[in-house]
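Copied over from Swiss-Prot, here are the features:
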BINDING   566, 570, 668, 672  Zn(2+) binding site
């Protein structure tokens, strides 16, 4: 048996199937393309679903891939078992109606016995209990003895997910030997012990399951196989754990070095090391595919993995950002196959570091909250933190549950784990409710996928704004209908159209479908499967029927406004890269007739000077009236001429290029102006952060920009009229007013301080002694919180030793301030608890430090009652 590394096994597999006339398809990005049912690519077959479902034509009948995958369903097991990981690679060979069982199994056997040189006597196979064909291939054609072919039932060897394509499967197993077994004489594949390792599953998609549970033979059966690369590496390298294979070991050793930890000395330490090793691979590859940390969707998965890894670094004694330092090792081991790790390495490191540093702040914030909870438990003489509070720490502040538990245990306290789990289940249910209708593997079809594949639309709208088309299909209320009457809404599919379907961030066209007998308002246009263009319509006049010939007329005003904004996004993208840096990539966009929104990768807000430069640069290109050219070319040639691609996007072999003069070159399928001068004017409205490492610009062009300037001019003129000055003098006049106001504020504050100082003498005369401590409790009239604090500071300085509690009502609001000198605090006084309890009586709350605190209330009538309790609370504090 050969001893091959991960990269060598991958290369052997792909080259073997290249020799079997398979197209070697590069791994798809982890972000599913055109598939809203999946959060992340989680299997080798997932990116190929459109081919298996017949929605798209595959590039060839035979394909082979090595697909990067992310799964987090068993995240709690990662690092604690030998085989669980969040990132893994799936090797697979696929046939779309070409070869079937015989070729799939015989080639599989050839690869593992000839290329990998696995010992024949160590190999077993399983087949579906009723699949005699597969059994015969294994036994008669390949020569595997009957006793090493195991028939298993539907749960093990039949692949199906709800309705649709399904079929039996056959798996190849490796026998690790009796030392790994359960000792049972009947031990064989299918046993729960660790002796037999399944490493290659061959799925024979030969049936179509209907709603009644009947299985109908498919006219063109498919092959879908999957081999876990890490699992095969374990076999080839003779190790028991995926964390001991070559690529993982290289990263793991770096983890040990950075964290000053030793592997295989302590199991708790080992778990943390393994979690970091696994998670940093997932994190790096996700960011490399354009995913960024956020609080929802795949961004939340990334954030959770990153923070979990950082948390385990903290358990190993690392109290700084460190994960980003491991990206070099990930790129060294995986960068040859996944070049985005190398191309975007600095960017990946920057995103990780920023998120790590944010998490460090979160941990500190969470500790402050947890300490407050602990303080409350001690005060109330309780020992169990509620599940609600533990969940709030976890959900709101990102504070890990196990860290909360550990800290509580150190202080002799515990937490209500049942209550915490109850809150977690409520959150899971909310997530499930939000996912209703989305199948786990994403095989659910809509009404349009079931239409005849011949129903396709030829898009003619790049150069035409009105074309004639024939109605091929009408869908109303999720039902295919023959006609649609006046007043009703439907989706209409034509054989030809000028309407652009929503895509690439650009909204769909609106307009009219009409002939002499019927008129339909097109409210929106969307792309559908099988090259369909969906016209979302309302029938204004007549009845639309299948077979009708209509004219499809795009609304020119909105189309041109959208085109201006779309071309402007290209100019903006290039200007950002010129002025801010080459690290800027498009992270998303929205192009509408009214405005454009452009998300880009960057880690800090743009300066005023940068914004000015960007706006000027874009407007310069507009004034230069550059020709806008579009053409189709190969993806390789597009890259050679420097065409910018969307970060994390997957493109076909032929792409559409949009060039604005010699200034901007991008891959784009949208509609554009023919000359940059048609944009007219470009104005940035705002620039802000939307996620870690992602900024957003909103801007306007054309008439919207002109109206904006006009409105601002009118506003400035009105300000000038109000200030009784000329427009050119407005800024100077406002600056004078601001200066005058500040001077008056200073005078007012000075007078307030004098009044406060003068009034403190009378207040101090009312001081009483409680437990040997001077205490001042006083109600003052109409004082804001700042004023109360100033008076409190003066009193604290004059009293020398003691406690001051002041209250004041202002309209419907109550303010409280409490202060205590150092010696009073040392005797047990806690200003925060004093003011918190007092504020409760006045319908409010608050708190703070032992020496200074403030609170608010909503019931001015209770202010005196609240302050009357202060001395009683003080006595209790001193007696504890």
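Even glycines carry a Cβ here, placed using N, Cα and C.
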Item to check | Residues satisfying Cβ distance under 8 Å from residue 566 (Zn(2+) binding site), sequence separation of at least 6 | outcome: 506, 591, 596, 668, 670, 671, 672
Item to check | Cβ-centroid neighbours of Zn(2+) site 566, 570, 668, 672, 8 Å, sequence order | outcome: 563, 567, 569, 628, 658, 660, 666, 670, 671
Checklist outcome for this item: Within 10 angstroms of the C-beta of residue 570 (Zn(2+) binding site), the count of other C-beta atoms across all shown chains comes to 27
Checklist entry - Across all chains shown, how many C-beta atoms besides its own are within 10 angstroms of the C-beta of residue 672 (Zn(2+) binding site)? => result 25
Checklist outcome for this item: If you count the other CB atoms within 10 A of the CB of residue 668 (Zn(2+) binding site), including all protein chains displayed, you should get 23
Next on the checklist: When DSSP is mapped onto helix/strand/coil, what comes out for residue 672 (Zn(2+) binding site)?
Outcome noted: coil
